[in-house]
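Below is one structure, written out as structure tokens; comments come after it.
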Amino acid sequence: MATLGDIGVAAAFNLLSAFVFFIAFAVLRLQPFNDRVYFPKWYLKGLRTSPASSGAFVRKFVNLDFRSYLKFLNWMPEALKMPELELIDHAGLDSAVYLRIYLIGLKIFVPITIVAWAVLVPVNYTNKTLELQLKNVTSSNIDKLSISNIPLESDRFWTHIVMAYAFTFWTCFVLLKEYEMVASMRLHFLASEKRRPDQFTVLVRNVPPDPDESVSETVEHFFLVNHPDTYLTNQVVCNANKLAKLVKQRKKKQNWLDYYQLKYSRNNAQRPIMKTGFLGLCGQKVDAIEHHEAEIKKLSKEIAEERERVNKDPKAIMPAAFVSFKSRWGAAVCAQTQQSRDPTSWLTEWAPEPCDVYWPNLPIPYVSLAIRRLIMAVAFFFLTFFFIIPIASVQALASIEGLEKVAPFLKPIIDMKFIKSVIQGILPGLALKLFLIFLPTILMIMAKFEGFTSKSSLERRAATRYYLFNLVNVFLGSIVAGSALEQLNTFIKQSANEIPRTIGVAVPLRATFFITYIMVDGWAGIAGEILMLKPLIIYHLKNFFLVKTEKDREEAMDPGSLGFNTGEPQIQLYFLLGLVYAAVTPALLPFIVIFFGLAYVVFRHQIINVYNQEYESAAAFWPDVHGRIIIALLISQVALIGLLTSKKAAQSTPFLIALVVLTIWFYTFCKARYEPAFVRYPLQEAMMKDTLERAREPNLNLKPYLQNAYIHPVFKEEDEEDEFDFKSENESVLVPTKRQSRRSTPAPSRISGASSPSLPPEVVPEHPERAS
């Protein structure tokens with residue numbers, strides 16, 4: 001069991017590591033050849049150019065202005081200078097609201113830490129329970145600051161109950177104000193946002209088949225009949241996954257060709273040679289340039305054939321389409337209402353913005369989505385609960401006793417004071433962190449298999465599962481494996497009625513492990529985040545081997561994005577730890593506060609200078625953030641109830657049950673009051689924005705803007721050459737159809753169930769739009 005000295009050594013070690021990372025970052029960011037790595041966002045916006053260097057050749061690579069090194073921490077105040085409104089304009093609402101999660105952590109835990117240390121620490125420390133009554137249970141000095149040090153049936157437990165109420169009310173107050181603020185920010189952002197295709201577009205799924213018409217014609221007829229005043233155009237969804245795969249392969253081959261051509265230009269004496277076998281390690285030796293030119297030619301032919309197949313094969317067209325409207329109001333009505341008497345057909349939802357669409361999942365049949373999600377739910381259940389076994393094994397090995405048992409020859413080294421402190425203070429958290437390194441990738445693959453059609457929804461689903469995994473394995477699994485199993489020898493030797501009492505004392509003892517985890521995953525992780533060692537290495541490798549032009553250099557920059565699917569669940573784990581241990585072991589709280597403070601400054605810097613968000617969801621993820629903090633509150637209250645019951649303070653349980661009920665009521669109130677702003681778009685706001693737009697641009701024609709907005713990326717290069725039809729929106733539009741019974745009669749439609757307007761005998765044939 002780690003002592004205060006061990007925790008102090010670990011804290012000093014991690015702070016020193018973080019400081020070294022900050023120093024390294026401060027030095028690397030000042031070098032001219034690293035400028036595109038640490039400030040890529042400004043390059044992508046066209047507001048920054050490569051640092052001009054004159055004089056000595058070395059100045060092109062090394063900053064020789066030694067005065068700039070004296071201000072190596074000036075990036076911190078610079079990161080805090082940009083006002084929030086300017087930050088929203090610069091990086092988007094998603095990024096600004098993401099930062100508010102860290103700010104909420106500071107708002108919640110700074111007052112809680114002060115109160116807990118002023119009230120609970122003296123109450124806990126002025127007892128001798130662990131020294132006098134439980135000498136046979138492993139404990140540490142930190143446990144003397146916790147609730148474990150209070151004797152059974154003590155009146156001092158009322159202090160913890162009062163503090164639990166105070167912490168809950170304060171947390172709920174902060175959450176209420178933040179929910180209100182973020183909801184207001186979202187509505188203001190949507191009202192002031194520039195025109196975007198997704199504001200006018202709806203994704204329609206499960207289009208019923210019609211033997212007489214194509215999917216595009218069926219969609220157009222249905223919406224011209226049922227939304228005659230607002231329908232504008234549609235773009236059907238096609239299965240271009242194979243085509244996209246071929247294009248990706250050609251791009252990869254082109255990169256290798258560029259590499260070998262650049263290599264040959266630097267050394268004309270010898271043509272580059274490569275092997276055609278596995279990873280270039282075996283197989284026949286060939287001329288690398290000629291080989292890749294032949295491969296690219298072959299792939300180009302396959303791409304042309306596949307493009308032709310997608311354009312002409314009806315089987316490549318899926319029963320789904322992006323339907324665009326003349327106004328935001330029309331799109332809102334369609335997206336938020338049922339379109340057919342059959343609730344399983346003509347399903348509508350807001351279309352993601354074009355850059356947010358995850359194209360590989362659009363061709364998945366809608367009827368298979370429920371089965372896919374059931375399969376992934378079962379797979380996630382087994383992944384979560386069977387992961388406890390290896391985590392328990394890792395936690396057992398990451399201890400002094402575990403290492404001495406597995407490797408007894410290391411005992412002389414392990415017994416050294418410094419090594420022992422490092423093992424007890426750092427190794428458990430580091431082992432768990434390394435064990436979970438591939439988890440986000442696995443969860444994202446599972447989310448993609450489920451068929452979500454936007455990158456934002458993929459990240460939110462992966463984030464939900466990552467959070468549940470952390471809750472079960474990192475939190476509950478570490479407590480059970482780390483405390484109950486650690487005390488197994490004591491349980492066996494004592495009577496059955498003593499076991500609940502020992503568990504009640506042992507559970508808070510895992511605070512030392514979570515302190516080390518916060519330092520390793522939080523402090524050191526944040527410092528590593530700003531150093532950006534991996535992007536730095538990858539950029540310079542690309543710059544050396546592939547870059548020939550300025551365009552190549554821009555493509556070599558990979559600023560990345562926030563990574564909501566990994567970042568937000570990790571933040572929620574710290575909320576959970578802070579709230580659970582606030583009334584149990586307040587010694588953990590300062591480590592939480594330091595994490596939120598460091599993370600806020602670092603991620604503000606990254607959002608301003610580095611990250612280039614792939615999409616903008618207008619903070620649609622906030623209800624998830626709010627709900628998970630409420631779950632953390634409920635878990636902390638239930639844990640305290642169980643702990644007090646084991647301390648024979650069951651008479652206080654009704655007071656804490658009332659607190660649980662109040663917390664659930666608060667969650668339902670916030671859900672009913674604020675969540676609609678995140679799932680529905682008010683028709684009043686849509687009409688207001690449409691009216692203002694028509695007043696500013698009375699002759700606006702949206703069709704050229706929208707008709708190719710949702711074309712598949714592999715077709716965009718070709719479609720940019722197409723000419724738009726700039727006819728007026730007010731021009732009379734006829735409903736084209738191939739049904740014989742409807743050429744001259746308003747017979748009811750089998751698709752819409754409504755009458756269509758009469759058509760003249762002669763209707764100009766519709767030019768078939770190429771499928772996207």
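Including glycine, each Cβ sits where the backbone N, Cα and C put it.
Straight from TrEMBL, the features:
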DOMAIN    7-178  domain 'CSC1/OSCA1-like N-terminal transmembrane'
DOMAIN    199-361  domain 'CSC1/OSCA1-like cytosolic'
DOMAIN    372-644  domain 'CSC1/OSCA1-like 7TM region'
REGION    722-772  region 'Disordered'
TRANSMEM  6-28  transmembrane segment
TRANSMEM  101-120  transmembrane segment
TRANSMEM  157-176  transmembrane segment
TRANSMEM  374-398  transmembrane segment
TRANSMEM  418-445  transmembrane segment
TRANSMEM  466-485  transmembrane segment
TRANSMEM  514-533  transmembrane segment
TRANSMEM  573-603  transmembrane segment
TRANSMEM  625-645  transmembrane segment
TRANSMEM  652-669  transmembrane segment
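The stretch with the most CB contacts under 8 Å to the transmembrane segment (101-120), chosen from 157-176, 514-533, 573-603, 625-645, 652-669, is 573-603. Contact check: the transmembrane segment (652-669) against the transmembrane segment (157-176) gives at least three Cβ pairs closer than 8 Å, residues 6 or more apart, which meets the contact criterion.
Distant neighbours of the transmembrane segment (573-603): 11, 18, 76, 79-80, 98-99, 102-103, 105-106, 108-110, 112-113, 116-117, 120-121, 124, 142-143, 145-147, 160, 163-164, 167, 171, 467, 470-471, 474-475, 508, 511, 514-515, 518-519, 522-523, 526-527, 529-530, 562, 628-629, 631-633, 635-636, 639-640, 643; these residues of the same chain sit at least 6 beyond its ends, with a Cβ under 8 Å from one of its Cβ atoms.
Below 8 angstroms of C-beta separation, residues 104, 107-108, 111-112, 115-116, 119-120, 123, 147, 150, 579, 582-584, 626, 629-630, 633, 636-637, 640, 644, 647, 649, 652, 655-656, 659, 662-663, 666, 670 of the same chain, each at least six residues beyond the ends of the transmembrane segment (157-176), sit close to that stretch. Mean model confidence for the domain 'CSC1/OSCA1-like cytosolic' (199-361) is a pLDDT of 89.
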